[in-house]
Amino acid sequence: MNAGIKRARHITFWTLALELVFAWLGPVIQIVVEIRTEGGVGWSRLVLVAVGLPVFSWLFLRVVRAAVDGRPAVREVVVSGALALTMMVLGAVLVADVPGVASAMLPFSWSTLTTTWTAVAVLGVSARTAVALTAGAAGVYVALDFLLLPGVGDQRTDLFFYLPMLALLPYSNRLWLWIYRMIIQVDEGRKAQAELAVTEERLRFARDLHDLVGHSLSAIAVKSELAVKLARAAPDQATEEMTAVRGLAKDALKEIREAVRGYRAIDLSAELGSVRAVLEAANIRCTLDLPERTPPGEAATLLAWVVREGATNTLRHSAATRSRVTLRLTGGTAVLEMVNDGVGEQSAADGGTGLIGLSERLAAAGGSLTARPTGSGEFVLRAVVPATDRAHVLTEAVAR
């Protein structure tokens, strides 16, 4: 999980969890108002609030964490709902013989408690189930208000404030969770795109290798069979066939080595163009700042590998929205910098074998590789390699 996803998860969790304050709002206001107007409050109701609300809060947070993690929390939802219903019924029983503020404020406490429960009960369920849960919560509230507190307060006023809250808060929570899941899907799509690029490159190399050695191996098989048949009847001719087999084997081995060498010696201009296309396809604006000519030979190959590894890390380990690639040729040195605005989890110290292997290859060629956050919300990958002359025009090759 990269830093962007962690940040989105943190924001989503605490946005949903902060609605727990709403559950405490009604009972606390009721107790404060009763103390100020009546001079005190019954100890039994204080115990009910002091025990019931912390347990409800613990269950509430478990449901929120499960919803953010994409796990079901049916047991916690059922238990917290049963607890809320029990607190509502006991609250009505305890204030039955206490007229005034205690009974008049009770519907408000009910409304905050049932709304808070519904706000998390609808997370991670289908739209039809969410509507059913909301309707059920509203039905329970109305039934308790009219059955347990008949003639207390104005029920129509209670419903006027309660029903809009019940309609807005639960579905705003569902919207938050939907946005978070969309962010996860986008991140998974970017990772899949990077993995697909690697897989396609492997398939391309496999096809090239098959095309190179397939014909040679077929010819070797045919000539070997012919040599076996001629071994006794025409030993001289069999020797000639085996000599040809040896030549074919050497040629095949040479072609394989050349293929591997060509596979490792990627073209810098082609890699820059490919990386820009891949990053922009992932909605990362990519800017190239290049000289007219590219470094020659091994320097260009090493920088091409740096560009490929840097783009892969940008896709996999950051939440970047823009990237800038700069190449400078100064004297006998080529300096490549890749900067993006998504400081991901991966750094030079713990970035895996990719950057470590590149650093070793550049060091063996007399160069260096560094990767670090800049401290201003950006991450920079910097490669320095020796370059003695200029081989061919670079900007036009990338444009093509």
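For all residues, glycine too, the Cβ spot is worked out from N, Cα and C.
Annotated features, as they stand in TrEMBL:
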type	residues	note
TRANSMEM	12-33	transmembrane segment
TRANSMEM	45-64	transmembrane segment
TRANSMEM	76-96	transmembrane segment
TRANSMEM	108-125	transmembrane segment
TRANSMEM	132-153	transmembrane segment
TRANSMEM	159-180	transmembrane segment
Distal contacts, the transmembrane segment (45-64) - CB-CB under 8 A, six or more residues away:
13, 16-17, 20, 23-24, 27-28, 31, 73, 76-77, 79-80, 83-84, 86-87, 90-91, 94-95, 102, 113, 116-117, 120-121, 123
Mark yes when the transmembrane segment (12-33) and the transmembrane segment (76-96) have three or more Cβ pairs under 8 Å (sequence separation 6 or more) and no when they do not.
no
What residues elsewhere in the chain lie close to the transmembrane segment (159-180), defined as a C-beta under 8 angstroms and at least 6 residues from its ends?
8-9, 12, 15-16, 19, 22, 67-68, 107-108, 111, 114-116, 118-124, 130, 133-134, 137-138, 141-142
Would you mind listing the long-range same-chain contacts of the transmembrane segment (12-33), meaning Cβ under 8 Å and 6+ residues beyond its ends?
41, 45-46, 49, 53, 56-57, 60-61, 64-65, 67-68, 101-102, 105-106, 108-113, 115-117, 119-120, 123, 169, 173, 176-177, 179-180
